[in-house]
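Following this message is one structure expressed as structure tokens.
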């Protein structure tokens with residue numbers, strides 16, 4: 001047995017292991033001596049003082065001072081005193097603060113101040129009101145242009161376009177509604193539908209964050225939307241309607257917009273069902289074999305501005321959204337049919353096809369379908385194609401990183417995704433890439449996947465977030481000019497935006513088609529601030545020309561601002577972090593993977 005604790009400190013042994021034989025003998029003798037003294041007392045009745053104190057212990061009154069009789073228990077007076085002191089101390093330390101806290105009037109804690117992305121997001125949404133959205137953001141946007149509600153919030157805008165399409169006999173109510181695309185007074189449905197799909201997508205993924213927070217001919221001298229510089233309220237020229245008798249690209253994008261919006265408005269059952277019906281109807285038009293010519297072909301009012309280069313990307317994009325909106329497996333079967341990506345050239349991995357735009361939906365469509373694989377993993381017969389979509393999505397994300405040298409970058413760190421031969425990067429492509437990168441990072445984080453591989457190199461999801469943040473920060477002012485390219489944000493932003501309504505004073509004067517040119521060509525700042533509008537952006541050298549008549553620098557667009565809103569809401573911390581994993585799958589029934597067919601019989 002151990003006589004002491006080997007880890008330090010005493011460790012007593014029960015039999016008193018250190019007691020010597022002599023000590024035990026003396027103790028035993030003492031006990032016997034006490035017994036003999038007692039025996040003497042019993043027989044003789046006398047004990048001296050020493051014997052009495054040794055045998056009987058201290059006098060009774062001393063015991064009374066040392067101990068306290070509590071009735072059922074006799075305890076040490078000293079122990080009782082310490083116990084009472086400790087109780088009083090506990091009352092002071094524990095109970096008193098509770099009492100004070102209960103008596104102090106309660107105040108609601110202050111909400112943390114919104115981050116900068118949230119502040120910009122509020123401004124970016126205002127741009128859509130300036131482009132004629134009624135009843136607030138996204139709701140009833142099909143009736144956007146026309147009579148404005150009293151709460152539109154843009155004091156320098158009024159009712160306009162009330163006669164659009166009035167000459168048509170096959171459209172009830174004409175074509176009053178929609179959005180003016182940019183600084184012109186034209187309503188282009190192809191980029192407008194894309195903008196609505198992007199906005200709906202961002203609402204579906206980040207709903208909690210939202211809750212917290214006619215045409216013009218080129219070089220024409222005929223009065224029209226391009227030649228005249230008039231406010232929409234003052235338009236006095238003909239506004240011809242372009243009718244598409246074919247157009248799988250336009251119809252596919254409109255189907256995506258309706259289907260995505262039906263998920264946003266899922267709580268309004270009747271309205272959501274109406275949107276689903278519209279989506280299915282226009283997608284059936286898109287799939288009509290006899291109507292497979294691009295919507296812009298042969299249309300001079302459209303071809304120069306928003307020419308479509310194909311429609312198989314819209315087939316993939318539209319069918320993916322219709323599957324999420326309806327759960328109908330015929331749509332996911334189409335989206336994963338090998339003929340669709342083959343005709344869309346989805347797997348060629350050319351840089352141009354990695355850039356999301358109103359014309360090229362491939363990066364977004366493949367990311368949207370990758371979502372299905374990550375969270376639901378439907379297996380056969382979709383797995384092979386979904387895996388290829390995810391592989392290409394990973395490579396697309398790799399292409400956005402500067403160290404892989406797929407795209408050019410400005411010296412100050414802005415990625416150059418405009419591959420259409422124009423003189424400068426276009427920020428609408430940058431914000432789209434930032435949104436896709438941020439969203440893919442959220443997909444991976446939500447499934448506890450730390451990153452992905454670019455060849456042999458493992459890339460953390462944090463790198464994607466840093467890319468998205470750096471691009472948005474550049475747009476908001478972290479650039480050599482300290483220029484914010486979002487109007488109304490920061491102290492230094494474009495003042496001469498290429499925008500008819502913003503550049504003409506809001507007064508009682510009506511300016512003619514050419515009478516507005518003096519405002520177009522003026523070097524003065526716009527009299528009206530089109531808050532939240534993101535302009536075209538700087539050139540390859542990080543320089544910017546704040547010139548109203550140079551639209552490549554200073555013109556905002558619907559598609560550009562939709563991408564900006566989506567990127568901002570993905571990055572803001574307001575309303576928490578991460579995506580809503582399940583809402584988008586609300587209409588998708590439980591998936592039970594089908595067993596693959598057996599292999600063919602073996603033959604010798």
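Even glycines carry a Cβ here, placed using N, Cα and C.
From TrEMBL, here are the annotated features:
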ACT_SITE  498  active site
ACT_SITE  546  active site
ACT_SITE  555  active site
DOMAIN    117-214  domain 'Glycoside hydrolase family 9'
DOMAIN    224-568  domain 'Glycoside hydrolase family 9'
REGION    1-27  region 'Disordered'
TRANSMEM  82-101  transmembrane segment
Rounded to the nearest angstrom, how far is the Cα of residue 546 (active site) from the Cα of residue 498 (active site)?
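Distance between the two Cα atoms comes out at 9 Å.
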Just to be sure I understand the packing, how many Cβ atoms besides its own are within 10 Å of the Cβ of residue 498 (active site)?
25
Given a 10 Å Cβ-Cβ cut-off, pick out the one of the active-site residues 546, 555 that has the most other Cβ atoms nearby.
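Buried the deepest by this measure is 555.
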I need the CA-to-CA distance for residue 546 (active site) versus residue 555 (active site), whole Å please.
10
